[in-house]
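**Student:** Sharing the feature lines straight out of TrEMBL:
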type: DOMAIN; residues: 7-68; note: domain 'TRAM'
type: BINDING; residues: 271, 300, 324, 368; note: S-adenosyl-L-methionine binding site
type: ACT_SITE; residues: 395; note: active site, nucleophile
Ligand SMILES: C[S@@+](CC[C@H](N)C(=O)[O-])C[C@H]1O[C@@H](n2cnc3c(N)ncnc32)[C@H](O)[C@@H]1O
């Protein structure tokens, strides 16, 4: 292997015609010599000047920003956020696109991943090709949905709060994040200084008035007295153990979904969009159609969102088993579902707990894995349980498509797929796929 220093192409500019959207919040373009560019801040069909932000002579592809638009797409709008644009905040990918176009791009990415990794057309996946906005997010032109109930602020060397630039540790200082939920903005994290602090996560529950900040001090840094514009509970990340500890106030926030209250402690997972938990529960229950007496699994169950919904529906003769690897989330799930004695929560990794507990059958299954997906081993194990329906909740269409392919190898086919825009302005999208055993019309 040659150890010659490679010539950086950062700063080089190319005039290009912009091609389709690719997974990750950018578009594909080619230079005259055929080199592939992943261009941010561009839209399909535009002619732009793309300035390279990452890459060398020998790189397989280059990353670039559209720094000048020569021919604009009809989908382009002026980015409503002043901190969006080349070299600025990396949080949003599609501020410069109309909301309908953003959803269309996300749909194109899902279609491409399904075709490439699972060999499925939208029709074969039981998908109408649409990406649905969350309830209340269809706003008049120029208005932006303020949906983000959890914001991870990075703190710069002077102690100012901001957000990280794209693929960088640099901080874009901001005075307001346009997509932050009002409960987060009202705290005024951006208005004060945070010496000795590396990051501040601000959480505003959408199901209660609970507000929380989780502080990560710099190495050796001391915690400040936290005075914000609204009362908050304060937690900190321990320097030695990396775990979240209570400083004052409640160590959890209370969220609501499907008519139940869920305690979410110490930085545990909860969907970030206020409509997301209810939207996903509804889609999963419509797809699984639980029956009284069913044996149900909720894999990667977090604080018990789907286990709670299933526990309500399978009746006293049914049973629900949730599996979750986060210790604190398991405690919360057990607390949240203590009134449902048919629900049991096991602590551990799905791939370890399933074989260990000897689960060998289930009527219905929901799985909601992290971005990496479930993987071949878990998919194959799941298929052996003989469930009549499986609901797969996915935040990464590439991992979903790969896992759908694994399911198809072991006798399960996707019969319905729905996609939801639960992350407006960003490239993220949530999918719910419903699978049935091949050849089973029920
Ligand atoms: C996308 S979240 C879903 C949580 C829950 N279904 C919800 O909607 O609130 C994924 C969860 O899986 C957990 N997790 C990650 N890897 C795991 C594994 N290998 N086995 C079990 N749980 C895992 C995480 O701690 C997280 O709570």
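Every residue, even glycine, has its Cβ placed from backbone N, Cα and C.
Since this is a predicted model, take the numbers as computed values, not measurements.
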**Student:** Setting 271, 300, 324, 368 aside, what same-chain residues sit with their Cβ within 8 Å of the center of the Cβ atoms that define the S-adenosyl-L-methionine site, listed in sequence order?
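**Tutor:** Leaving out the recorded residues gives 269, 298, 301, 302, 305, 306, 369, 370, 393.
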**Student:** Just counting, how many other CB atoms are there within 10 A of the CB of residue 368 (S-adenosyl-L-methionine binding site)?
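**Tutor:** So the Cβ neighbour count for residue 368 (S-adenosyl-L-methionine binding site) comes to 23.
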**Student:** For residue 324 (S-adenosyl-L-methionine binding site), what residues in its own chain, 6 or more apart in sequence, show a Cβ-Cβ distance under 8 Å?
**Tutor:** 300, 301, 302, 330, 333, 345, 346, 347
**Student:** Count the residues of the domain 'TRAM' (7-68) that DSSP assigns to helix (H, G, I), to strand (E, B) and to coil, and report the three numbers in that order.
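**Tutor:** Computed counts for the domain 'TRAM' (7-68) are 0 helix, 38 strand, 24 coil.
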**Student:** Would you give the longest CA-CA distance, in whole angstrom, between residues of 271, 300, 324, 368, the set recorded as binding S-adenosyl-L-methionine?
**Tutor:** 16
**Student:** Check each residue in the chain of the residue listed as 'active site, nucleophile' that is at least six apart in sequence and keep those whose C-beta is under 8 Å from its C-beta; list them in sequence order.
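**Tutor:** Sequence-distant Cβ neighbours: 370, 371, 428, 429, 430.
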